[in-house]
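Among the features that TrEMBL reports, compositional bias 'Basic and acidic residues' is placed at 11-25, 969-979. As annotated by TrEMBL, compositional bias 'Pro residues' applies to 1077-1093. Per TrEMBL, compositional bias 'Acidic residues' is recorded for 1239-1250. Residues or ranges marked as compositional bias 'Polar residues' in TrEMBL: 1256-1269. The domain 'Ig-like' annotation in TrEMBL covers 92-188, 194-281, 312-400, 405-492, 497-585, 589-671. Taken from TrEMBL, the feature domain 'Fibronectin type-III' applies to 683-778, 783-876, 881-983, 987-1083, 1090-1184. Annotated transmembrane segment per TrEMBL: 1195-1216, in sequence order.
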Amino acid sequence: MGLAHLSLQGEPEKTADEPGRDSLTRELSSVQEAQLERLKAARPRGPGSRERGLVPRMARPQPPPWVHAAFLLCVLGLGGAIEIPMDLTQPPTITKQSVKDHIVDPRDNILIECEAKGNPAPSFHWTRNSRFFNIAKDPRVSMRRRSGTLVIDFRSGGRPEEYEGEYQCFARNKFGTALSNRIRLQVSKSPLWPKENLDPVVVQEGAPLTLQCNPPPGLPSPVIFWMSSSMEPITQDKRVSQGHNGDLYFSNVILQDMQTDYSCNARFHFTHTIQQKNPFTLKVLTNHPYNDSSLRNHPDMYSARGVAERTPSFMYPQGTSSSQMVLRGMDLLLECIASGVPTPDIAWYKKGGDLPSDKAKFENFNKALRITNVSEEDSGEYFCLASNKMGSIRHTISVRVKAAPYWLDEPKNLVLAPGEDGRLVCRANGNPKPTVQWMVNGEPLQSAPPNPNREVAGDTIIFRDTQISSRAVYQCNTSNEHGYLLANAFVSVLDVPPRMLSPRNQLIRVILYNRTRLDCPFFGSPIPTLRWFKNGQGSNLDGGNYHVHENGSLEIKMIRKEDQGIYTCVATNILGKAENQVRLEVKDPTRIYRMPEDQVAKRGTTVQLECRVKHDPSLKLTVSWLKDEEPLYISNRMKKEDDSLTIFGVAEKDQGSYTCVASTELDQDLAKAYLTVPGRPDRPRDLELTDLAERSVRLTWIPGDANNSPITDYVVQFEEDQFQPGVWHDHSKFPGNVNSAVLQLSPYVNYQFRVIAINEVGSSHPSLPSERYRTSGAPPESNPGDVKGEGTRKNNMEITWTPMNATSAFGPNLRYIVKWRRRETRDAWNNATVWGSRYVVGQTPVYVPYEIRVQAENDFGKAPEPETVIGYSGEDYPRAAPTDVKVRVMNSTAISLQWNRVYSDTVQGQLREYRAYYWRESSLLKNLWVSQKRQQASFPGDRPRGVVSQLFPYSNYKLEMVVVNGRGDGPRSETKEFTTPEGVPSAPRRFRVRQPNLETINLEWDHPEHPNGILVGYTLKYLPFNGTKLGKQIVENFSPNQTKFTVQRADPVSRYRFTLSARTQVGSGEAVTEESPAPPNEATPTAAHPPAPDEQSIWNVTVLPNSKWANITWKHNFGPGTDFVVEYIDSNHTKKTVPVKAQAQPIQLTDLYPGMTYTLRVYSRDHEGISSTVITFMTSTAYTNNQADIATQGWFIGLMCAIALLVLILLIVCFIKRSRGGKYPVREKKDVPLGPEDPKEEDGSFDYSDEDNKPLQGSQTSLDGTIKQQESDDSLVDYGEGGEGQFNEDGSFIGQYTVKKDKEETEGNESSEATSPVNAIYSLA
């Protein structure tokens, strides 16, 4: 007998924790481990870490099919289970079965699984409750074909509960019978909650309370949770929590517990239903009936509310000690829930030792201790300690660990050759000690036929000199009071020569320096011996770099290049031999020699992560990237190359770990780096108020994540709900290294706080608000500010002030006591109480001073005595005007004024200023229109003189003066007239420089907008220049009527700079300067060479202009997806921009003007500071000949006016005749037939059209050739009473006015009437 495995396997090393792999074959060789250590030691600090192993499953390359087969057979060989090839006869083996406790959904059909293999194929039957289950008699029960699986179908009716019981499957062929476990079938149950009316639960504040759930018993047990009747979860903490039994425990009740009701909910697994118990309503009796929020976080909250403090006592479990039993391998759950005031804290201990740190964890706010996968050493005494400031109490729990049977040595299938010896061993342990029962083919061994070759020795069956008749399936059943184990093991007697179970002549590729193992799956009985040979050499491979394991596998400890070759495995027994060969190829490993480095990048920048790889050239290399251990999606902001990953415009979401995965079909290498993107901090959380005092409170918070940029400051804000609810105000600012601060508070404010964190990137979102805290009231400590007394009318005084805010009110019903009295008389104070921020005193004299006081008051008292403020009653208009006004002309644009001041009693208010009103009456130049808009000059204060400037020269002015107070202007003074002298003119308008060809430059300009006198001429100065080289300046003087000049260029290369000014007799005015354009098609290029590689730039901008358009191209080193903007400015300083999408070059500017000079630059849309240099170019002229604009010629304007006048006269004649009802035939009827080329209608009417037979402008031609008027045409209908009006034969309209004729009318011989003014004009002809 024998089975061994030769799986020829040569994959690279994997991670040690990869499931299902033998760690022996996955260990790194000592040489390779030393190499990795040297690599780690030599790595600089900056780079990220390298990780060896497989990529995550979704990115793992699929191995070839032979790897799966070899792996499977290797696992079978190492596991010790004997697998007989299925083409050989063998007893049955159970391969699949339902769980022992099988709970089914009553809404579905029942399925009880049982599958087995064997040769010949086994047959199946079942027992139910240890009695034969006759499937044929029950129409609902069927068995799947080639399987023992039972299907119970309820589609035609029936109750699933009728089939509950214990089932066992038997698989039988002629060599034996195998048994399944005893399967206990139960139907899931979700009973309804019994209806009950629950009275309100009355409890004293501070007392403990238990709300019992008592859910209906379900199968399996339901999941319990508590909610309100409005389906809001009940908030649980160390004071209020749910026990393991489903009850809700209150360590002590507070008044806020009345704000909701409490309903127990049960969720059943199979039916996915939730049942809700009627809710409990709490009524809390209290000595402090007001729910004052200021006491909720008070350090002595209970005493402040009159609740007596109590030492802890246990609510569950009761008493001082209890015991608990748990089965080995299960979870142990210990629970202690205590009451007390204040709420007790719970701590756990184990007597005589420590809690198992690797298995113990605390739950339910430390009220529960869970120990997972319990073993015998976890038994002992545990105790929980409940303590508060009043004392402590303990409860001891004695834990006993029992055990259902578990295997020490499970029986395995036994394959023997005739005459061989063997044994089956069945060893199990448990607490109490389990008993062992042997069966053969499902029957007790005692009742089986005797077998002289078999001997039973307790938990072992010994076989000697086995024969073919010894074939059978043996069952070992070991059990105690906590459960049982059932195992099948067959005994098969075979005579089989060696055979190979893997494909022949495989090619195995392995990585240099790896440890690998060659397995050779084979079978034979008796067990064959296995030997290995290389390249046909006669010596067996064992020792040195080779090691042959007991199962025949050949391990090569460290693969070298010389290990390449052909390996042969030979299996031999007394019946023959078999062999197999494999060719082993050794490949170079894949290594990342330049790894990505950890980087910190600001938002909007570009980051490049390098990953350069060396690999075996015969293997296909794949380089992929992971982000946070997930495959990286390459967006349009990223560029992946063979040796790098580039991220453009870094955003916060790009932060994370980036792993470069270089893999071939045999191995891979990993290198990881972390990209840090500083961002705004996360909001602070868990705000808590402590140390509550009359005028201060301590605010504590937990900082949020700084997001890679240290927090520099915290801003604390507050909100109050009386004066400005919902509005947050800054309270104070604290350094970023604190998370607790004492806040100074004002009286009688219901505070709520929040915190904002700040770092270099920006501010966080505000934290969630804290609980409210109201301070007690007090009299105000200050009075309102900005008190004023001003009149709004001449007989009143309005007293106003800035109202006090919530932090200065200090109490309820804030009001203001307003006092006032005349300043001179010192009469008794008048007073009034005001709740607003203004008070009006009536019936006051004009502009009299008053003493004013405004004092704050609330229900707690008055503020200190306020300061006295001087106010004035209302003003009236001044009664007098300035007198003896004198004007002196200083120059062409300024005059000086002098006047006599008015008496103070005539001002009737506060004198604000003297004001001069002046206007330009006319210009001394003939026919020059001027604006007579009034202007003013102000002279603040009580002063007798002033200066008026910015006047127009050479003009006649008029001027009046008034005195102004707070009410307005007083009466006007007498009008003064003055004349400004001649001045210098303004600059000539629209100075234009054009270059029609390379020989001449044309200059044109318009007269100055403001001549400021009589023009005597123009002065033009110009000089040539070429770069920085300047030529000789030339001066030309022109008459005042000349507005053009042509310059003959001395050379075609130089440009010219022109300066033009106008002159009066006073002198030259403001000059205007222009330069001649660059020669056509000439632009100043930017730098032709790119900048440094690490600097983003735009260069080599090229412009190819025409008369009305230009093509633009440039070079840049931005990443793909970058958008640009082309900005250009014409010589009139009009700026335009054109956005350019990425990769859209060249672009064309299409709105240019011929002969115009432009400046242009290109910049990045996202980074406007990165721009090309500015270049200049000029479009070519549309025509090279000098042409005057016809629209500005006098003869053309006169001709147009004459034509317009003639058309107007004809239209007037037309409408006069039309109003008399006359008809206007185009011509008398003639008998002469019309020629085919005659454009007239047959009835003699004239159809006006041009030679292209197009209708008049403003009309539309219909399909039948008639003319339709547009809606904008003047219709004669508009001049009548309506669209349907008619005339009589004496000249009135007799038909509906329209130009559309039907077919009969157009074919008549009568002449048609003129239907439009145009036709009327032609009828007159």
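Each residue's number is its place along the chain shown, starting with 1.
Heads up, the Cβ atoms here are built off N, Cα and C, so glycines get one too.
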Mind checking how the domain 'Fibronectin type-III' (987-1083) divides into helix, strand and coil residues in DSSP?
0 helix, 52 strand, 45 coil
How does the domain 'Ig-like' (497-585) divide up by DSSP, counting helix, then strand, then coil residues?
3 helix, 49 strand, 37 coil
For the domain 'Fibronectin type-III' (987-1083) and the domain 'Fibronectin type-III' (1090-1184), check the count of CB pairs under 8 Å (sequence separation 6 or more) and say whether it reaches 3 or more.
yes
Let's see if you can do this one: DSSP helix, strand and coil counts over the domain 'Fibronectin type-III' (783-876), in that order.
4 helix, 47 strand, 43 coil
Among the recorded stretches 92-188, 589-671, 683-778, 783-876, which has the greatest number of Cβ pairs closer than 8 Å to the domain 'Fibronectin type-III' (1090-1184)?
589-671
With helix taken as DSSP H, G or I, strand as E or B and everything else coil, how many residues of the domain 'Ig-like' (312-400) land in each class?
3 helix, 55 strand, 31 coil
Taking DSSP states H, G and I as helix and E and B as strand, how many residues of the domain 'Ig-like' (405-492) are helix, strand and coil?
6 helix, 52 strand, 30 coil
Tally of residues which DSSP labels helix, strand or coil - the domain 'Fibronectin type-III' (683-778):
0 helix, 45 strand, 51 coil
For a three-state summary based on DSSP, what are the helix, strand and coil counts in the domain 'Ig-like' (194-281)?
5 helix, 32 strand, 51 coil
For the domain 'Ig-like' (589-671), DSSP counts of helix, strand and coil?
3 helix, 42 strand, 38 coil
